[in-house]
Amino acid sequence: MQILLANPRGFCAGVDRAISIVENALAIYGAPIYVRHEVVHNRYVVDSLRQRGAIFIEQISEVPDGAILIFSAHGVSQAVRNEAKSRDLTVFDATCPLVTKVHMEVARASRRGEEAILIGHAGHPEVEGTMGQYSNPEGGMYLVESPEDVWTLNVKNEGKLSFMTQTTLSVDDTSDVIDALRKRFPKIVGPRKDDICYATTNRQEAVRALAEQADVVLVVGSKNSSNSNRLAELAQRMGRTAFLIDDAADIQEAWVKEAACVGVTAGASAPDILVQNVIARLREFGGGEAVTLEGREENIVFEVPKELRVDVREVE
């Protein structure tokens with residue numbers, strides 16, 4: 001059995017930054033550190049940080065006065081931000097800069113009195129945070145997930161309308177929704193560059209290349225990870241059997257027993273150690289040496305806040 005690895009895969013710059021913010025805060029201030037929502041959607045990462053003293057909460061009211069609070073990589077609404085400001089808290093923002101970019105687009109539309117449409121998945125924390133940047137009562141903020149949602153949507157003024165997208169969507173599905181928006185609202189204005197982030201796009205391109213060669217595709221990522229789910233869906237659309245797994249223990253030998261080639265990739269919030277564990281598991285089932293496919297090189301780095309720029313090894 002051949003083992004192929006997608007390239008790129010795993011951590012993106014936004015996830016790296018968010019995890020570093022929590023790790024550095026723990027090193028500098030000591031436990032406990034409070035984090036609103038899972039800092040990234042990966043069970044292994046969250047459990048590891050929890051063991052080191054991070055406490056994950058959903059409501060600001062759960063945080064005691066004088067504590068350190070970190071916003072997750074998915075971002076928060078202005079209401080949550082204002083609630084935190086009203087408290088005696090030290091706040092660090094781990095919102096991915098590419099999510100912040102979308103926040104700024106929504107805030108700009110709100111200031112201008114334009115209505116705004118967000119393409120995204122209802123209930124996802126990134127969507128909740130992005131929708132929460134709009135505050136103009138004279139306008140309106142709407143969420144659509146599919147072309148069907150677009151055709152049933154009514155707005156107040158089609159002449160002052162813009163759209164944005166969640167950063168972790170399917171590139172193909174989002175293109176279909178944008179096409180529907182432009183047909184339904186010919187004057188709608190979109191971002192100069194697609195809001196779907198570079199890492200999401202690159203990993204979808206990589207899994208497409210992987211699925212062209214593999215019989216079975218394993219996507220390492222947690223069930224609540226939007227970008228990981230999109231990778232599994234894309235492989236399935238290409239006619240491959242695909243499984244979303246948290247770790248190597250999830251793999252059933254029956255999944256790969258008849259496969260000549262198994263492809264492995266990882267969502268943007270999944271650490272490489274999980275991929276290495278999957279490779280080891282597949283080798284137990286008769287797999288050969290893992291081969292990494294050629295892919296797009298990623299060199300993007302997002303800096304942590306200056307107050308947290310410290311060599312953790314020196315602190316420890």
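The backbone N, Cα and C atoms fix where each Cβ goes, glycine too.
What Swiss-Prot lists as active site, proton donor is Glu126, and the listing cites sequence analysis. Positions annotated as [4Fe-4S] cluster binding site by Swiss-Prot: Cys12, Cys96, Cys197. For His41, His74, His124, Thr167, Ser225, Ser226, Asn227, Ser269, the entry in Swiss-Prot reads (2E)-4-hydroxy-3-methylbut-2-enyl diphosphate binding site, with the evidence type sequence analysis. The feature dimethylallyl diphosphate binding site is assigned by Swiss-Prot to His41, His74, His124, Ser225, Ser226, Asn227, Ser269. Here Swiss-Prot flags His41, His74, His124, Ser225, Ser226, Asn227, Ser269 as isopentenyl diphosphate binding site, drawing on sequence analysis.
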Whose Cβ lies within 8 Å of the mean position of the Cβ atoms of His41, His74, His124, Ser225, Ser226, Asn227, Ser269, the isopentenyl diphosphate site, other than those residues?
-> Val40, Glu126, Thr168, Asn224, Ser228, Gly267, Ala268
Identify all same-chain residues not among Cys12, Cys96, Cys197 whose C-beta atom falls within 8 angstroms of the centroid of the [4Fe-4S] cluster site's C-beta atoms; report them in sequence order.
-> Ala13, Gly14, Val15, Ala73, Pro97, Leu98, Val99, Thr167, Thr168, Tyr198, Ala199, Thr200, Ala268
Going by C-alpha distance, which of the recorded positions Cys12, Cys96, Glu126, Cys197 is nearest to Ser269 ((2E)-4-hydroxy-3-methylbut-2-enyl diphosphate binding site)?
-> Cys12
Compute the C-alpha separation of Cys197 ([4Fe-4S] cluster binding site) from Ser226 ((2E)-4-hydroxy-3-methylbut-2-enyl diphosphate binding site), stating it in Å without decimals.
-> 13
Since the record lists His41, His74, His124 as binding-site residues, which of them has the fewest other Cβ atoms within 10 Å of its Cβ?
-> His124
What's the CA to CA span in angstrom from His41 ((2E)-4-hydroxy-3-methylbut-2-enyl diphosphate binding site) over to the residue listed as 'active site, proton donor'?
-> 11
Within 10 Å of the Cβ of Thr167 ((2E)-4-hydroxy-3-methylbut-2-enyl diphosphate binding site), how many other Cβ atoms can you find? Include all protein chains, please.
-> 28
Proximal but sequence-remote residues of the same chain as Asn227 ((2E)-4-hydroxy-3-methylbut-2-enyl diphosphate binding site) (Cβ under 8 Å, at least 6 apart) = Thr168, Ala199, Thr200, Arg203, Gly221, Gly267, Ala268, Ser269
Integer Å value for the Cα distance linking the residue listed as 'active site, proton donor' with His74 ((2E)-4-hydroxy-3-methylbut-2-enyl diphosphate binding site) is 5
Identify, in sequence order, the residues in the chain of Ser226 ((2E)-4-hydroxy-3-methylbut-2-enyl diphosphate binding site) that are 6 or more apart from it along the sequence and have a CB within less than 8 Å of its CB; answer 'none' if there are none.
-> His41, His121, His124, Glu126, Gln166, Thr168, Leu169
Where Cys12 ([4Fe-4S] cluster binding site) and Thr167 ((2E)-4-hydroxy-3-methylbut-2-enyl diphosphate binding site) are concerned, what is their Cα separation in Å, rounded?
-> 12
Give me the non-local Cβ neighbours of Ser225 ((2E)-4-hydroxy-3-methylbut-2-enyl diphosphate binding site): same chain, 6+ apart in sequence, Cβ-Cβ under 8 Å, ordered along the sequence.
-> His41, Asn42, Gly267, Ala268, Ser269, Ala270
Spatial neighbours, same chain, of Cys96 ([4Fe-4S] cluster binding site) - Cβ under 8 Å, 6+ residues apart | Gly14, Val15, Arg17, Ala18, Ala73, His74, Gly75, Thr167, Cys197, Phe302
